Every structure is written in structure tokens, then in C-alpha cells.
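What Swiss-Prot says about this protein:
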type	residues	note
BINDING	Arg100, Glu163, Phe210, Glu211, Gln212, Met213, Glu214, Glu322, Pro323, Ala324, Ala325, Gly326	substrate binding site
BINDING	195-197, 205-210, 282-283, 326-329	ATP binding site
Amino acid sequence: MAQQSIIDTVVNLCKRRGLVYPCGEIYGGTRSAWDYGPLGVELKENIKRQWWRSMVTSRPDVVGVDTSVILPRQVWVTSGHVEVFTDPLVESLNTHKRYRADHLLEQYEEKHGHPPVNGLADINDPETGQPGNWTEPKAFSGLLKTFLGPVDDEEGLHYLRPETAQGIFVNFKNVMNTSRMKPPFGIANIGKSFRNEITPGNFIFRTREFEQMEMEFFVKPGEDEEWHQHWIDTRLQWYINLGIKPENLRLYEHPQEKLSHYSKRTVDIEYAFNFANTKWGELEGIANRTDYDLRVHSEGSGEDLSFFDQETNERWIPFVIEPAAGLGRAMMMFLMDAYHEDEAPNSKGGVDKRVVLKLDRRLAPVKVAVLPLSKKDTLTPLAEKLAAELREFWNVDYDTSGAIGRRYRRQDEIGTPFCVTVDFDSLEDNAVTVRERDTMEQVRVPLDELQGYLAQRLIGC
């Protein structure tokens, strides 16, 4: 299946099975926001749980925080966001739609292998294909404004955070002192951020409200490059360990002239989404932010955010290595990479097309489905009791509707690793049939061994 059709198919699957809904759909929806349904929120939470386990609880040198969405306005002035967090905006004189000029230029270069000789004049309108007819680029702020207090005036002006990082930086000293940490160490945060994107789109890839998984790792100057490479390698391996095919991932080195104002070096981990205009899309950036953040916040707040190294009797401002990942983008990637179509036998002796999400078991929204072979009262008590017992450990679905093959298909397409069938023999032999998602192999397991059988195969879930 072509990759673009996988995007369309996955989007339809998400809407049909309750992973993702258009925000405010009864009012026409919006391209810039999506709601996560029952299965979507489980997948999202499982991704966050694996990130937190990898980045925080499995390491002795990283701790977590949960910082406010609305910070003092001066934080964003000092960090440079108010001044430089802008994008070049152009308007098509054909359709009067607005686009980021840098995105148009990048897409042209990726398609043709070279930048446009005449700049924007060589770029056709993305919607109509007409020869380019563009306004001059204008600076467009990516910050979303809000007002606190009874009057919408300058005094009450605040910003919704465009990144979680600044909340970490302003708490650097608090965390270092209360947690008795010292560089090299990291502070992690998962939370909502907001950016006034000019052209949100590509499903949940680019939205104005999104969730980030960020960690700021504070190191001694001079050790930053080694730690930067460590986190590039570690983060790339995290995606592979969770089942992403290595050939669908790549590292993209930001050219020096395109680095953010705080960055010494930035490397993106990208996935082959195969969007209409570009093959690769950024999953996360790993940036060497130097000492920029702690230095400017020391100057802006008057608070000393340096570190005194007692071993060397030196005082220095830590450099920061930042792996920053987008949760929605990660979820979209896991769904696309796991989507698979094959054939499964049906009750008539033939085969049917089977859709299966081959998600890593740690990510699967539902871990086990309990399926009584019949709705008859003789099976119901045992099946319901079994489902209740398994729910103490995992997210369990209980489905009694339709033929057993159809119920298997329903679980396959949401990625459920194991289906447990309670049949009439179960009443006699106290055993159930356990079916594995990917191989469709079935084994008979005694009821008193079922919990241990599943636990061995759901480690880390």
C-alpha cells in the first residue's frame, strides 16, 4: 500500500474506532485541533508512560516536573520568544491563503534538489497550481496571547507557552537544591504547548495545541558535545526499541544558518510520513542550547543560576542538551508504522482481508480481550469473572457481539495483543484459548495459569 494511502487509511481508522475525533465536529470541526477518544487516550498515555520510564524513572540522573502553562510574561521576553519567535508569512494573491515562506522554499528544494532560482516567484500556488504570485514576507508571531484579570489591556497580557522548556529553566535552582542533584543531570516535563501555526494540518502532525515530551539535561561546558551525541543515539534507539522500522527513520542535521537563536547544534529525528509535499517529518529535535537559557534568565531575573563545582573549585553556567519530542507526531508515527494488511481464514473455509495494528505490546491501548464464545448464560458468569480479574492488571475489553472471527478482526485492527476465548469446554477443563495477534496462533491455557502466562508476555505493560 502506498504510504499516502496509509495516512488516509489510518486517519479513517482513527475516526471509526475512536482513537481521534475532529474537535467540535458537530459544529463543522477544525483543522487545527483534534480530540482523543477512548482508545486514543490509552495509546497516548502508553506512549507517555514509556517515554517517562525511559527518560526519568529508569535513570538516576533525571527527575520530573509539571510546570504551568501560563508563565510570567517576562519569562518569554527574557528567553527571546517575544522578539524572535516569528515566522515569515506570505499570502497567495490567487487564493488569498497564507503560508510560511520557509516551508514553501524547503518543499521546493526537497522536490527539485535545489532552491528556486527566483525565490518565491518560482513556486506555484499549492492549492491551484497557478504560477506563484505572492505578497512580500511579513513577520508573524507564533505566540498565542491571553489576558489575565478583568481588563484586556497590556498589563494583563500573557502568553500560552510555546514550549515546556522555559518552565524547567526557571525551576532549575529549585530542583537542583530540593532534589540534591548536580550536573550532569536532567529535568523532564510532559505537557501541553501552544503555537499560532499559520498552516496547521496533516492530521495530528501539526496543530496549534499539542503535547510535548521534553527533557533539559544540564552539563559542564566542554562536555556538551559528548552528551549531545549520547542523547541523539539514545532517543533514536527508543523509537526502534518500540518497534519502528529503522529504514523509516533518519537524522537531519540543521544547517548552521537555520539554527534557532539559542542553538549550537540541532539534530532532528525524522520519520518517513510521505506527506503530499514532503517525505520526511520531524518527530523530535535534540538541541545543544549551550548556556543561553540559564545565562539570560540569570540576567533577566537577577537570580544566580550558575553551579559551583566543589571538585574543581570553579563556578560555571551549565550547558543544556534538549531532546524535545511531539506526542501527537509520535502517536501518528506508531499508528502508521504498525498498520498492516494480510489475510485470515474465515468460517466458510476461505480467507478475508485482515487489518492489524502491530503495535508494540507496551503501547497497545487494550492488552487483552475476553470473548465468550456464546452469549448463553452458562458462559457469561465465568467470562465476566475472568475479565474482572484481568482488569486488576491490564486494560481489558469484553466483547460478546458477533461471530468469534469478526470479534478477532475488531481486536486486531486496534492492536490488542491477546484474545482470550471462553468456550463450553472451559466449563469442563477450566481452560481458555489464547490467541496471539500477529501470528494468530492459538494455545489452550489453564485458568489458574492464565495470569502468569499473560504477565510473561506483557512485561513492561
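Glycine is treated like the rest: Cβ placed from N, Cα and C.
What Swiss-Prot annotates, mapped onto the structure for a quick look.
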residue : record                 : Cβ within 10 Å
Arg100  : substrate binding site : 18
Arg195  : ATP binding site       : 21
Arg206  : ATP binding site       : 21
Arg208  : ATP binding site       : 18
Gln212  : substrate binding site : 20
Glu214  : substrate binding site : 23
Leu283  : ATP binding site       : 22
Pro323  : substrate binding site : 25
Ala325  : substrate binding site : 24
Arg329  : ATP binding site       : 23
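In this structure the residues listed as binding substrate are Arg100, Glu163, Phe210, Glu211, Gln212, Met213, Glu214, Glu322, Pro323, Ala324, Ala325, Gly326; their two most distant Cα atoms lie 25 Å apart. DSSP assigns Arg195 (ATP binding site) to coil, not to a helix or a strand. Nearest neighbour of Pro323 (substrate binding site) by Cα distance, taken over the binding-site residues Glu197, Arg206, Leu283, Arg329: Leu283. Taking the Cβ of Glu197 (ATP binding site) as centre and 10 Å as the limit, one finds 19 other Cβ atoms among all the protein chains shown. Here the C-alpha separation of Leu283 (ATP binding site) and Ala325 (substrate binding site) works out to 6 Å. Comparing C-alpha positions, Glu197 (ATP binding site) sits nearest to Arg100 among the binding-site residues Arg100, Gln212, Glu214. DSSP gives Leu327 (ATP binding site) a helix state.
Geometry remark: Phe210 (substrate binding site) versus Leu327 (ATP binding site), CA distance 7 Å. The two recorded residues, Gln212 (substrate binding site) and Arg329 (ATP binding site), show a Cα separation of 10 Å.
Of all the Cβ atoms in the protein chains shown, 20 others lie within 10 Å of the Cβ of Phe210 (substrate binding site). Ranking the binding-site residues Arg195, Arg206, Arg208 by the distance of their Cα atoms from the Cα of Ala325 (substrate binding site) places Arg206 first.
Cα-Cα distance from Glu214 (substrate binding site) to Arg195 (ATP binding site): 16 Å (rounded to the nearest whole number).
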